[in-house]
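**Student:** Sequence annotations record features per position, and here Swiss-Prot assigns compositional bias 'Basic and acidic residues' to 506-515. Under the heading region 'Disordered', Swiss-Prot lists 1-22, 506-527. What Swiss-Prot lists as topological domain 'Cytoplasmic' is 1-43, 140-151, 197-213, 271-299, 360-372, 425-436, 497-527. The topological domain 'Extracellular' annotation in Swiss-Prot covers 65-118, 235-249, 321-338, 394-403, 458-475 and is backed by sequence analysis. According to Swiss-Prot, the feature transmembrane segment maps to 44-64, 119-139, 152-172, 176-196, 214-234, 250-270, 300-320, 339-359, 373-393, 404-424, 437-457, 476-496.
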Amino acid sequence: MTERRDNVSHAPDAIEGPNDGAHAEDTSPGFFSLENLGVAQVQVVGGTLNGYVIGYVAVYLLLYLTATECKFTTEGACGGRKIYGCKWSGTTCKFENPKCSEGSDPSDSCKNEVAYTSVYSGIFACAMIVGSMVGSIIAGKCITTFGLKKSFIIVSITCTIACVVVQVAIEYNNYYALCTGRVLIGLGVGILCSVFPMYVNENAHPKLCKMDGVLFQVFTTLGIMLAAMLGLILDKTGASKEEANMAGRLHVFSAVPLGLSVAMFLVGMFLRESTATFAQDDDGKADGGMDPNEYGWGQMLWPLFMGAVTAGTLQLTGINAVMNYAPKITENLGMDPSLGNFLVMAWNFVTSLVAIPLASRFTMRQMFITCSFVASCMCLFLCGIPVFPGVAGKEVKNGVATTGIALFIAAFEFGVGSCFFVLAQDLFPPSFRPKGGSFVVMMQFIFNILINLLYPITTEAISGGATGNQDKGQAVAFILFGLIGLICSVLQFFYLYPYDANQDHENDHGGEPVEQKTYPVEASPRN
């Protein structure tokens with residue numbers, strides 16, 4: 001296994017020509033071959049679950065808002081679910097404990113409780129991410145202790161339990177149980193985000209390794225789009241929202257992750273064992289396995305730092321704010337919330353498909369740095385500055401911001417999101433990847449928490465409260481996203497290089513060290 005990883009090109013600045021490696025092309029499996037699909041299937045199931053869990057927040061908040069508005073026109077829809085604070089009175093659905101008297105002018109001191117407050121929304125959005133952060137911390141130990149295949153089963157069982165807890169929480173409208181379920185499913189997702197990319201990185205054919213690697217993000221965006229599409233269907237079709245059983249719709253919406261968790265269990269049961277194994281004896285040097293203690297944390301400080309920078313690029317440039325609050329953002333731009341959310345997620349998926357052919361031609365480093373720079377510019381110059389009140393008229397602002405969000409998502413999916421999970425592995429030597437990859441994934445979840453918790457609260461505060469001009473807070477947020485992204489892009493241009501096995505090899509034999517800026521591994525098309 002290690003020999004395959006160390007067999008890299010020695011032409012630092014060259015890309016293989018059409019006649020180079022012809023023999024490898026003749027013997028390598030096709031992208032859609034059964035051999036390759038046997039490896040890539042983990043990306044299909046794991047990525048889709050990861051994406052659906054991410055896209056869950058925006059849709060759930062939208063459906064819950066409808067459930068708590070108490071605008072139902074039938075007794076069954078209103079009185080049947082008193083847990084949402086509604087009661088049927090004569091011929092009208094009313095709030096069970098209204099803060100406002102009939103005919104009063106709703107002011108800041110008179111508002112019936114509808115949906116979640118910005119604080120509760122932020123906590124709900126962060127619950128899964130907190131669990132994911134914990135999961136990513138233990139992912140490395142899980143991999144070295146149980147192996148990759150058994151880790152799949154652990155993830156599936158954890159996610160299944162979490163989905164059951166969420167269903168119970170919906171039935172009784174229990175906010176704390178809902179957040180508990182989200183934390184549990186986040187725990188599974190945190191392990192998943194390290195285990196699945198590592199399995200593909202270690203078991204896919206070298207020619208297809210990076211193309212298979214970006215599939216995790218492709219199917220993550222598919223899962224996000226599926227959540228948005230189902231949300232649109234539940235919000236717009238069938239019985240009208242004024243007559244619908246919204247609790248039932250929330251149950252249906254929350255059942256999809258349960259099915260994906262069961263599918264993941266089946267994949268884990270029948271998946272072939274990974275070629276990557278780790279030593280389990282006290283000395284860490286059992287035959288046939290890599291030593292997980294071969295490198296100490298101190299030896300990997302610089303790759304760990306650059307991993308944290310890539311995680312910052314992934315999360316602090318605004319993608320999660322767009323994903324979780326797409327309905328609100330698109331509503332501020334004059335669109336229907338559920339339709340706007342679906343269009344954003346559909347575009348997110350379509351653009352991610354472009355990463356597959358790009359990965360066969362360009363390196364992960366080239367794609368990541370170029371696209372992070374472009375995405376940051378979109379945040380700053382199209383989504384931020386023009387949206388600030390007074391800079392542009394309403395029609396111009398909406399048009400420019402919509403274009404900016406579309407281009408930002410495209411740039412992000414072309415190279416930032418698609419390459420991140422591959423780089424999280426490639427930055428480190430094979431034996432350190434359980435620790436190093438888990439650390440990088442953990443950092444992106446930490447940044448994710450900051451965005452999910454602070455974005456709604458900060459934008460509302462900057463805008464002057466819930467009744468203020470929300471464009472102001474949104475503009476300031478995207479300006480900051482753009483500036484952070486540009487700083488990270490500069491650091492990555494000078495210092496982001498995947499691990500080079502040849503450097504260790506030459507140092508072990510007394511040769512001259514290979515300079516970090518000329519890593520031969522980066523010249524290979526599979527990187």
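Quick reminder: no glycine exception, Cβ is built from N, Cα and C everywhere.
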**Student:** For the transmembrane segment (119-139), I need the partner stretch with the highest count of C-beta pairs below 8 angstroms, choosing only from 176-196, 214-234, 339-359, 404-424, 437-457.
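**Tutor:** The listed stretch sharing the most Cβ pairs with the transmembrane segment (119-139) is 176-196.
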**Student:** Taking residues 6+ outside the transmembrane segment (152-172), which of them lie with a CB under 8 Å of any CB in it?
**Tutor:** 42, 46, 49, 83, 142, 146, 178, 180-185, 187-189, 191-192, 195-196, 247, 250-251, 254-255, 257-258, 260-262, 264-265, 267-269, 271
**Student:** For the transmembrane segment (437-457), what are the same-chain contacts with Cβ under 8 Å, counting residues 6+ beyond its ends?
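**Tutor:** Sequence-distant neighbours of the transmembrane segment (437-457): 57, 118-119, 121-123, 125-126, 129-130, 132-133, 136-140, 143, 190, 193-194, 197-198, 304, 307-308, 310-312, 314-316, 318, 320-321, 324-325, 420-421, 423-425, 427-428, 477.
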**Student:** Any chance the transmembrane segment (339-359) and the transmembrane segment (404-424) are in contact, meaning at least three CB pairs closer than 8 A with a sequence separation of 6+?
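**Tutor:** With 3 or more qualifying Cβ pairs, these stretches touch.
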**Student:** With a Cβ cut-off under 8 Å, give me the same-chain residues at least six positions beyond the ends of the transmembrane segment (44-64) that come close to it.
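**Tutor:** That would be 115-116, 121, 124-125, 128, 155, 159, 185-186, 189, 192-193, 195-196, 215-228, 230-231, 234-235, 246, 249-250, 253-254, 256-257, 260-261, 263-264, 267, 320, 323-327, 337-338, 341, 345, 452.
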**Student:** Considering every residue in the topological domain 'Cytoplasmic' (360-372), what is the mean pLDDT value?
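**Tutor:** Summing pLDDT over the topological domain 'Cytoplasmic' (360-372) and dividing by its length gives 93.
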**Student:** I'm a bit unsure how to read this: which one of 176-196, 250-270, 373-393, 404-424 has the highest number of Cβ pairs shorter than 8 Å with the transmembrane segment (476-496)?
**Tutor:** 373-393
**Student:** Using DSSP, what's the helix, strand and coil tally for the topological domain 'Extracellular' (458-475)?
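**Tutor:** Secondary-structure composition of the topological domain 'Extracellular' (458-475): 11 helix, 0 strand, 7 coil.
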**Student:** So, by DSSP, how many helix, strand and coil residues make up the topological domain 'Cytoplasmic' (197-213)?
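**Tutor:** Counts, helix then strand then coil: 12 helix, 0 strand, 5 coil.
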**Student:** Can you work out which residues elsewhere in the same chain, 6+ from the ends of the topological domain 'Cytoplasmic' (360-372), have a Cβ less than 8 Å from its Cβ atoms?
**Tutor:** 15, 210-211, 213, 310, 313, 317, 411-412, 414-416, 418-420, 422-423, 426, 485, 488-489, 492-493, 496-498, 522-525, 527
